[in-house]
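Here TrEMBL flags Asn23, Glu397 as Mg(2+) binding site. The annotation ATP binding site is assigned in TrEMBL to Lys30, His221, Leu222, Gly223, Asn224, Gly225, Asp295, Phe296, Arg297, Gly343, Val344, Gly345, Glu346, Asn347. Residues or ranges marked as substrate binding site by TrEMBL: Arg104. Summarising the annotation, TrEMBL assigns active site, proton donor/acceptor to Asp161. Positions annotated as site 'Transition state stabilizer' by TrEMBL: His193, Arg254.
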Amino acid sequence: MTPLSQPSPSSAFGAHGSVLVVNSGSSSIKYQLVNPVGGEAIASGIVERIGEEQGSLRHTFGGLTTRRTNPIADHSEGLRAVLAMFEEIGPDLAQAHVVAVGHRVVHGGAVFGSPVIVDDEVIKQIDQISPLAPLHNPPNLVGIQVARELLPDVPHVVVFDTAFFRTLPEAAATYAIDREVAAEHGVRRYGFHGTSHHYVSGKVARVLGRRVEELNQIVLHLGNGASASAVRGGVAVETSMGMTPLEGLVMGTRSGDIDPAVLIHLQRNAGLSVDEVDDLLNRRSGLKGLSGENDFRELHELVAAGDEDATLALDVYLHRLRKYIGAYHAVLGRVDVITFTAGVGENDDIVRARALEGLESLGIAVDPARNEGRKKEPTIISPDWCSTLVMVVPTNEELAIARQAVATIEAAGFEGSSDESDPAPAAAGHA
Ligand code: ADP
């Protein structure tokens, strides 16, 4: 067993130590050892194809990436292989003074509105929520259980993807169906990507030197999964994902919003089973379903080459996105900042420009020179005359989980970091 909780004040990692962030999926474990104060990833990696004939492990430390391929029978073996990598390649986890393990859990249901320290009761409650997220919560739980066994000397903290949206007003969270059915089956809007929306909206305020309480914000998390949120004074008031991460924007392989009667039609008249409809909407829809391609880099090439399916796919994606921006403008009344984040939001200047085209009368525009290229730092991309700032702010869910884990253990009286400030904010600079 690796001794983790021995303080080593003289270590290269500083007196505040580090947090091991774990994201356990059905056949993978992503991990990152994070300095919660400085914000940097000390080491990171991923175990993939757990349970398959040939598994793989990629571990990055000190600028070097080590790859291994071995059969990895289960999550327990996967995490053991990760700990062996830390021992063999580094960094030494005892030296790194790991103060907590932070776990990402997708669905916190109506129960969890903030991070919690794992105990048997918490595990039981996450398990009870699992029917709401059958693809995500069970593998998240396996990861927590395995990590607790292998790393028993440190507190384990769960951070929920839904927690930031527990504040949604009832009018936004309630679906207009029979309320007894809804109550019995937990049918309501929970929202997802909350860790990212929370982190980015907070970061926007810090970068601008403003209090988050003063700002009305729209955050656009555009990755393979995509979601929009409206945040008033730091509090989430609306979000596009629903009871599951399927609702809302057009995504890489997910449909987003669709008339629910389409599902009835497909089951009743086309003979599709429940599982087939699930597969259709989650894996064979979105950009992929429309064009065969869900990576924006490839999609733009197809569009440039005149591919009609790709052109329509991009148009449908942008139309939906603009509709949400307009809707959230109405929800908030006044919008101070619109922020793009995640893989597409941070890297794709075409999507950013087209999403906000023609909105000058709302005080919204994108400056072509400021917008150009990929953004690794928080950047303002609107022209100076705009009443709404448009920004790109890279998300960092691992750091957000690490900081929330530290705050949670400190509130509970464990030893940990006490400094949660960001490093000096990068100038809200122009591109
Ligand atoms: P997720 O975490 O949901 O898997 P990410 O936030 O990592 O997704 O985003 C992945 C997506 O980002 C890719 O599918 C691709 O469409 C887009 N992307 C990544 N790099 C670029 C780039 N340089 N230009 C345009 N799009 C990019």
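Note: Cβ is positioned from N, Cα and C throughout, glycine not excepted.
In the vicinity of ligand 1, defined as a Cβ distance under 6 Å, the following of the binding-site residues Lys30, Arg104, Leu222, Asp295, Arg297, Glu397 are placed: Asp295, Arg297. Of all Cα pairs drawn from Lys30, His221, Leu222, Gly223, Asn224, Gly225, Asp295, Phe296, Arg297, Gly343, Val344, Gly345, Glu346, Asn347, which the record names as binding ATP, the longest spans 24 Å. Recorded residues Arg297 (ATP binding site) and Arg254 (site 'Transition state stabilizer') have their alpha carbons 18 Å apart, per Cα-Cα distance. Ranking the recorded positions Asp161, Asp295, Glu346 by other CB atoms within 10 A of the CB puts Asp295 at the bottom.
Close to Asp161 (active site, proton donor/acceptor), meaning Cα to Cα within 10 A, are none of the binding-site residues out of Lys30, Asn224, Glu346.
The recorded positions near Glu397 (Mg(2+) binding site), taking a 10 angstroms Cα-Cα threshold over the set Arg104, His193, Leu222, Asn224, Asp295, Glu346, are Arg104, His193. Each of the binding-site residues Asn23, Asn224 was scored by other CB atoms within 10 A of its CB, and the lowest score goes to Asn224. Looking only at Cα atoms, Lys30 (ATP binding site) sits nearest to Asn23 among the recorded positions Asn23, Arg104, His193.
With all protein chains in the displayed structure included, the most crowded Cβ environment within 10 Å among the recorded positions Lys30, Arg104, Arg254 is that of Arg254.
Sequence-distant neighbours of His193 (site 'Transition state stabilizer') (same chain, six or more apart, CB under 8 Å from its CB) are Asp161, His221, Gly225, Ser227, Ser229, Met241, Pro245, listed in sequence order. Among the recorded positions Asn23, Arg104, Arg254, the ones whose Cα sits within 10 Å of the Cα of Asn224 (ATP binding site) are Arg254. Here nothing among the binding-site residues Leu222, Asp295, Val344, Glu346 falls inside 10 Å of the CA of Asn23 (Mg(2+) binding site).
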